[in-house]
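So that you can see what the record holds, here are the features copied from TrEMBL:
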type: DOMAIN; residues: 144-262; note: domain 'Phosphatidic acid phosphatase type 2/haloperoxidase'
type: TRANSMEM; residues: 113-138; note: transmembrane segment
type: TRANSMEM; residues: 190-210; note: transmembrane segment
type: TRANSMEM; residues: 216-235; note: transmembrane segment
type: TRANSMEM; residues: 247-269; note: transmembrane segment
Amino acid sequence: MDCQRISFTSDAYLKALINTMKIALYHCPLKSREWKGIKIKCLWIPHTYPAIADDIFQLFESVVLVGPMQPMAGVQHQESELAIDLDGGSTCEDASKLKAISFTHVEYYKGDFLGYIFAWSSLLPFCIGVGFVTLIIFRRDLHTMSYFLGIVVNEAANWILKHIIQERRPGRVKGNLYTEYGMPSSHSQFMWFFATYMAFFISIRVYRNYNIIDDLWKGVVCGGSCVAAAFVTYSRVYLEYHTLGQVLWGCFLGIINGALWFAVVQFVLTPFFPLLASSPVGEFLMLRDSTLIPHVMWFEYTSSRSEARSRQRKVTSRKSQ
């Protein structure tokens with residue numbers, strides 16, 4: 001986004017700017033979306049006015065929009081070297097160094113390899129969501145549907161909390177204006193809900209064969225889910241989309257919601273799975289209840305192989321007649 005440059009050589013003009021910003025803040029806090037004004041991206045302050053520059057710096061954490069302003073008549077403008085972003089304190093040079101993953105517009109600094117990895121990790125919730133939708137369409141398993149329903153409920157709770165708390169995202173040095181609230185972090189809440197539910201699912205619901213290989217892969221899945229959740233959580237702070245407090249609250253809520261939802265599925269919804277699967281609607285939609293099947297993948301493989309062999313024998317017998 002291009003910067004709107006305003007230069008000043010007058011103490012009076014700079015003081016008028018500060019007063020305008022204070023009035024805008026008083027009449028139009030961040031929570032209000034009705035006030036409209038001009039967003040100043042960069043402000044050039046002459047080095048000869050350090051005191052006034054300090055006054056403006058003190059407003060950075062709260063200034064998002066300032067009212068319409070026109071250059072004062074008779075004031076000569078001279079561009080200075082210092083660029084300040086009223087949205088978060090960045091320079092125009094900082095903004096020019098940014099690259100974005102265009103699909104989700106996750107920003108990281110050009111040349112920052114770790115930031116590049118963290119930016120891609122922010123796509124994990126979307127990948128998980130796509131995976132759930134794919135499984136539901138092609139497998140129709142009731143437990144998978146229940147798991148995904150919990151994720152949707154968790155996201156809805158996050159959206160409600162954000163609009164109740166209405167805490168803004170951190171003032172990023174990248175100079176972007178965020179209209180979405182940041183408390184709690186939806187990425188961290190999503191990932192820790194997913195990891196917590198997965199840990200309970202693997203530990204309690206999945207059939208145990210009591211062999212070292214079985215225990216090993218379960219540990220890898222549980223540990224991998226937690227590592228992925230921690231990675232995404234830290235990335236939101238590293239990329240300056242959330243404060244530490246926002247992601248920690250997201251972690252806490254995700255863990256609590258994941259544990260509670262697993263209890264709901266295990267003790268409330270699961271007893272109704274056989275009834276739903278055998279109902280006319282369930283048969284029409286080809287819903288499955290795989291709760292009592294110890295190894296679903298092996299069961300599907302052996303069933304498919306057995307059916308294929310049976311049909312092959314029928315085809316062979318017809319040809320021989």
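Cβ coordinates are placed from backbone N, Cα and C, and glycine is handled just like the others.
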Can you work out which residues elsewhere in the same chain, 6+ from the ends of the transmembrane segment (190-210), have a Cβ less than 8 Å from its Cβ atoms? 124-125, 128, 143, 147, 150-151, 154-155, 158, 218, 221-222, 225-226, 228-229, 232-233, 250-251, 253-255, 257-259, 261-262, 266, 291, 294-295
Along the domain 'Phosphatidic acid phosphatase type 2/haloperoxidase' (144-262), what average pLDDT does this model show? 85
Short question: which residues 6 or more past the ends of the transmembrane segment (247-269) have a Cβ under 8 Å from it? 143, 146-147, 150, 153-154, 157-158, 161, 183-197, 200-201, 204-205, 229, 233-234, 236-237
Of the residues in the domain 'Phosphatidic acid phosphatase type 2/haloperoxidase' (144-262), how many are helix, strand and coil by DSSP? 88 helix, 0 strand, 31 coil
